[in-house]
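**Q** One structure is given below, represented as structure tokens, and several questions about it will come after.
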Amino acid sequence: MDKISIIIDGKKVSVPPDTTILEAARKTQINIPTLCYHPDQNVKGNCRVCIVEIAGANGFAAACCTTVKEGMEIKTNTIRIREARQMVLNLILANHNSQCLSCKRNGNCELQTLSQELNIEEEFLDKVVDLLPIDQSNFSIVRDQTKCIKCGRCIEVCNDVQGVGAIYNVNRSCDMKIAPAYEKGLSEVPCVYCGQCINVCPVGAIYEKEDTKEVWRALEDPNKHVVVQIAPAVRVVLGEEFGMETGSIVTGKIVSFLKRIGFDKVFDTNFTADLTIIEEGNELLHRIKSGGKLPMLTSCSPGWIRYIEFFYPELLQHLSTCKSPQQMFGALVKSYYAEKMGLKPEDIVVVSIMPCTAKKTEAKREEMHLNDYYDVDIVITTRELAKMVRESRIQLRELEEEDFDVPLGLSTGAAAVFGATGGVMEAALRTVYEVVTGDELDKIDFKNLRGIAGFKEATIPVGDLDVNVAVANGLKNAKILLDLIKEGKANYHFIEIMCCPGGCIGGGGQPIPATNSIKEKRIEAIYQVDLQSELRKSHQNPAIKELYEEFLIEPLGEKSHKLLHTHYIDRSKNNKDKRD
Amino acid sequence: MKSFVSKLCGKIMPLSLKEYREHGGFLGLEKALFYMSPQEVIDEIKESRLRGRGGASFPTGVKWQLVAAEGDEEKYVVCNADEGEPGTFKDKALLEGCPFQVIEGLMISAYAVGAYKGYIYIRGEYPNSIDLFKKAINILKKEGYLGENILGQNFSFDIEVRSGAGAYVCGEETALIESIEGNSGSSRFKPPYPPNCGLWGKPTLVNNVETLANIPLIISQGAEEFLKLGTKGSKGTKLISVSGNVVNKGVFEVEFGISLREIIYDICGGLEGNKKLKFIQVGGSSGACLPELLLDLELDFDEFKKHNIGIGSGAILVVDDSCCILDFMRVTTEFFKHESCGKCTTCREGNRHIIKAIDRMIYGSGTERDMQIIKDIATIMRDSSLCGLGQAAPIPVLSLLKHFKDEFQEHINGYCSTGVCNFKGEGKSHG
Ligand SMILES: Cc1cc2nc3c(=O)[nH]c(=O)nc-3n(C[C@H](O)[C@H](O)[C@H](O)COP(=O)(O)O)c2cc1C
Ligand code: SF4
Ligand code: SF4
Ligand code: SF4
Ligand code: SF4
């Protein structure tokens with residue numbers, strides 16, 4: 001198509017038709033300020049910070065939602081524009097509880113940065129902040145409306161990406177706010193605690209419920225044996241919080257840090273990820289052989305579990321009964337490991353470091369304990385880990401790398417890929433193939449199941465059976481598959497579903513920003529970890545073999561059932577506000 | 001006064017198809033369907049130089065051409081009968097006076113742009129109009145004017161009546177489209193404009209009631225007849241709704257070119273109680289406020305434009321000298337604060353800061369700085385808001401600041417010459 005010539009601040013540029021002024025300006029090294037704009041979302045045009053002058057037009061135009069026209073003359077940096085932008089920002093600030101020093105997003109806040117960049121010298125309008133109470137109704141997500149700038153990003157992610165519709169805008173005019181139905185707490189609506197709203201929020205209006213203090217306290221309690229597990233998606237992401245390149249792998253440094261601050265044992269969720277593959281793989285084979293419910297759906301993503309419990313309880317039979325790796329880990333620590341070490345389960349504290357806000361609530365599920373002890377006691381996110389690093393004053397970048405402790409720290413590359421969408425499926429296929437056929441699988445990279453696309457499928461010959469699999473991430477994509485299952489049209493044996501777009505590397509507890517381009521780099525790093533692993537198939541993990549020999553006896557056995565498997569709850573009853 | 005577009009109102013039974021036909025009803029549609037191609041219809045409208053009567057005064061033929069030029073199979077035409085502007089009731093006169101004429105206009109527009117489906121979005125506060133339209137549509141269906149192959153021609157068309165929940169912004173065309181789609185009425189940013197991407201993403205023609213009511217007349221009588229009415233740049237007539245402190249209030253049809261003074265003193269009989277005029281507000285709540293010295297302005301899109309004002313929907317509010325400017329401004333701003341959909345920063349946040357500054361002035365603690373704040377905020381709202389509502393809301397404020405600066409100064413000095421404001425901080429004495 002013919003290019004369009006325009007002039008931006010005196011400089012001529014040619015751009016394809018349908019380019020917005022914002023995009024065109026970026027091509028001329030001008031970064032027009034934005035606030036509601038997010039690279040992975042629809043253009044909203046509501047903050048009005050990106051205004052520019054167009055020759056011949058009366059008012060300003062919003063650069064994000066105005067496409068260029070041939071011969072357009074645009075000015076982005078005049079006194080009139082700078083003052084107008086300051087005015088717009090002042091209108092926002094007047095309705096913003098600007099307490100930066102104690103704010104979760106201090107130092108990583110788009111509003112704060114913008115105030116600095118636009119050179120705000122005075123907040124000259126009356127403060128009109130409505131001091132609404134903070135919603136702390138649940139174990140995962142906190143909402144502080146006094147910080148909300150009404151950009152609408154969280155609504156888009158919750159409704160259009162996740163298809164949950166837990167929050168939307170209520171009221172009009174200056175009473176407009178973002179809230180769950182009837183302005184209830186998040187715990188009273190079908191919020192799945194995915195935290196995707198946190199990841200897109202430009203300010204400190206939504207954040208994880210912080211549990212770092214509990215961790216510090218446990219570490220200093222002389223009567224407690226404190227062990228920690230780290231999820232696969234944490235190690236390739238934490239570095240971002242410390243200025244390292246996106247996709248840096250910092251596993252050894254995290255281990256070293258955790259040992260330094262006093263954990264008795266530093267273990268790896270990847271160990272139970274391998275274990276999940278054994279249990280889940282066997283469950284799949286069992287279902288196929290015995291005519292059980294198919295397709296079988298993965299069960300390691302707690303936001304996804306909440307989703308199906310809320311919206312499709314009639315399909316709960318399709319879920320694998322396997323607990324998530326986090327929960328399997330906790331259950332084993334308080335049984336197998338406790339026995340082995342001669343410890344009482346009540347003296348052990350299990351901490352997990354997760355990419356996920358939903359994991360905090362998962363750990364508190366009623367089913368997730370043995371006798372009186374929760375499998376997992378405290379869950380913190382990658383972001384909270386970063387906070388602990390900062391608080392400790394230990395310089396992460398300079399730490400020597402250390403290895404996980406044994407035995408629950410041993411894992412394979414198959415476990416590592418759990419962190420990216422498609423990973424669980426790939427890991428399962430590596431094992432199922434070999435278990436069924438007895439042959440060695442030489443092409444173990446299932447490349448067509450990889451990548452950030454929301455939906456992928458494949459057919460893999462396993463012996464004389466063609467196994468049909470599908471992989472979805474983001475709940476809206478999951479919904480499509482669930483509807484197919486309901487209609488009896490889902491001709492799959494096994495479906496992997498991850499609640500968060502991109503999988504756990506895009507989890508609601510991960511460093512912000514987490515745009516698609518950043519997520520792609522994180523995914524690359526995940527497969528790097530896999531490639532660097534000595535063993536790349538779960539069933540080859542010697543510690544897993546030992547675990548079965550010494551303790552579990554056999555997959556899907558009696559102990560497994562008690563410790564590693566679970567059941568689900570129909571939550572549709574407390575889902576009166578279900579919206580499509 | 002003139003009697004053109006409204007000539008059948010009050011003269012025939014609104015639901016009598018027979019009477020409507022006897023007075024030339026459906027001649028326009030028949031002429032279009034039997035003797036004209038869609039393009040010829042559009043050309044005729046272009047030639048008439050009819051401009052939209054809903055507020056933006058966009059050339060109607062040009063808009064039709066935009067929709068016709070879109071390749072989609074599926075297109076829509078919408079009649080905007082939301083009439084939410086306070087002090088505006090001229091569409092109601094047409095809706096209830098001659099519903100068939102409005103429907104005929106909508107049908108001709110559908111034929112011209114290639115749409116098979118139309119909507120009439122009627123303000124919820126007009127239950128009578130809604131009822132009339134539903135009945136009128138049923139009558140036309142029975143008589144073969146709506147449905148498949150209308151009048152035996154290769155043209156099929158159906159109309160649905162929708163009604164709004166009373167939000168003012170729903171009259172804005174993109175908010176109206178959202179509302180028809182079943183969403184809460186808030187504006188979309190433009191572009192894309194409805195002619196390219198409107199209802200359900202399809203090309204959509206949105207026209208005002210009065211615009212559409214002109215169509216059958218232009219087509220049946222020919223553009224030439226229409227061009228005889230009005231001024232060089234503004235053809236035809238305009239329905240105006242006059243309210244406020246005048247003797248004769250109501251809807252009047254006038255020819256473009258008449259002066260504001262003639263409207264107020266000749267047609268409406270001057271001010272009640274022979275009071276002195278303070279200002280008139282033209283175009284509804286978001287219209288500019290014009291002092292006495294601009295009264296000789298002629299009703300003409302271009303003349304108005306020279307003064308940077310719009311005719312809007314054609315509402316005229318007449319205000320006598322007992323009114324306090326600040327008090328008036330507060331009421332207007334409060335209205336827009338209530339009506340803002342809350343989507344964009346400037347309109348959502350702006351009004352309340354203007355009100356705060358006005359309040360300081362009204363209660364005696366106002367300063368020059370408050371005047372500046374009012375001006376700055378009104379300006380940013382006008383220049384930067386997402387939709388017409390936020391862009392137009394500050395127009396009265398800015399015009400009052402311009403023409404009645406002294407009265408602001410007066411308040412800063414602790415004095416209200418009209419006696420409306422009470423500086424003891426106890427609120428207003430009346431109003
Ligand atoms: C806040 C706002 C309210 C409006 N209300 C109405 C209305 O009630 N009726 C109407 O015809 N146009 C209204 N408009 C104008 C419409 O957006 C649109 O321009 C008009 O319906 C087009 O029809 P026309 O070309 O026939 O004038 C409104 C515009 C704005 C910004
Ligand atoms: S959200 Fe940003 S600007 Fe607001 S208090 Fe927090 S850090 Fe400061
Ligand atoms: S946590 Fe997820 S489900 Fe809950 S409000 Fe946020 S985006 Fe919606
Ligand atoms: S909570 Fe955050 S993302 Fe949601 S509207 Fe407010 S500022 Fe935007
Ligand atoms: S200008 Fe006002 S009514 Fe229009 S989109 Fe913005 S807030 Fe909504």
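Glycine is no exception: its Cβ is also placed from the backbone N, Cα and C atoms.
TrEMBL does not curate its annotations; it predicts them automatically.
Per TrEMBL, the features are:
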- A:2-80: domain '2Fe-2S ferredoxin-type' (DOMAIN)
- A:80-119: domain '4Fe-4S His(Cys)3-ligated-type' (DOMAIN)
- A:139-158: domain '4Fe-4S ferredoxin-type' (DOMAIN)
- A:182-211: domain '4Fe-4S ferredoxin-type' (DOMAIN)
**Q** Are there residues at least six beyond either end of the domain '4Fe-4S ferredoxin-type' (A:182-211) with Cβ under 8 Å to its Cβ atoms? List them, or say none.
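**A** Sequence-remote neighbours of the domain '4Fe-4S ferredoxin-type' (A:182-211) are 35-36, 38, 41, 96, 103-106, 109-112, 135-149, 151, 153-154, 156-158, 161-162, 164-167, 170, 302-304, 306-307, 310-311, 356-358, 360-361, 378-381, 383-384, 387, 475, 499-501, 506-510, 512-514, 571, 574-575, 577-578.
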**Q** Under the DSSP assignment, what numbers of helix, strand and coil residues are found in the domain '4Fe-4S ferredoxin-type' (A:182-211)?
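**A** Going by DSSP assignments, the domain '4Fe-4S ferredoxin-type' (A:182-211) contains 10 helix, 3 strand, 17 coil.
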**Q** Count up the helix, strand and coil residues in the domain '4Fe-4S ferredoxin-type' (A:139-158) according to DSSP, in that order.
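**A** Split into helix, strand and coil, the domain '4Fe-4S ferredoxin-type' (A:139-158) gives 9 helix, 3 strand, 8 coil.
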**Q** Tally the residues of the domain '4Fe-4S His(Cys)3-ligated-type' (A:80-119) by DSSP class, grouping H, G and I as helix, E and B as strand, and everything else as coil.
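**A** Counting residues per DSSP class in the domain '4Fe-4S His(Cys)3-ligated-type' (A:80-119), I get 26 helix, 0 strand, 14 coil.
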**Q** The domain '2Fe-2S ferredoxin-type' (A:2-80): mean pLDDT?
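**A** Its mean pLDDT is 96.
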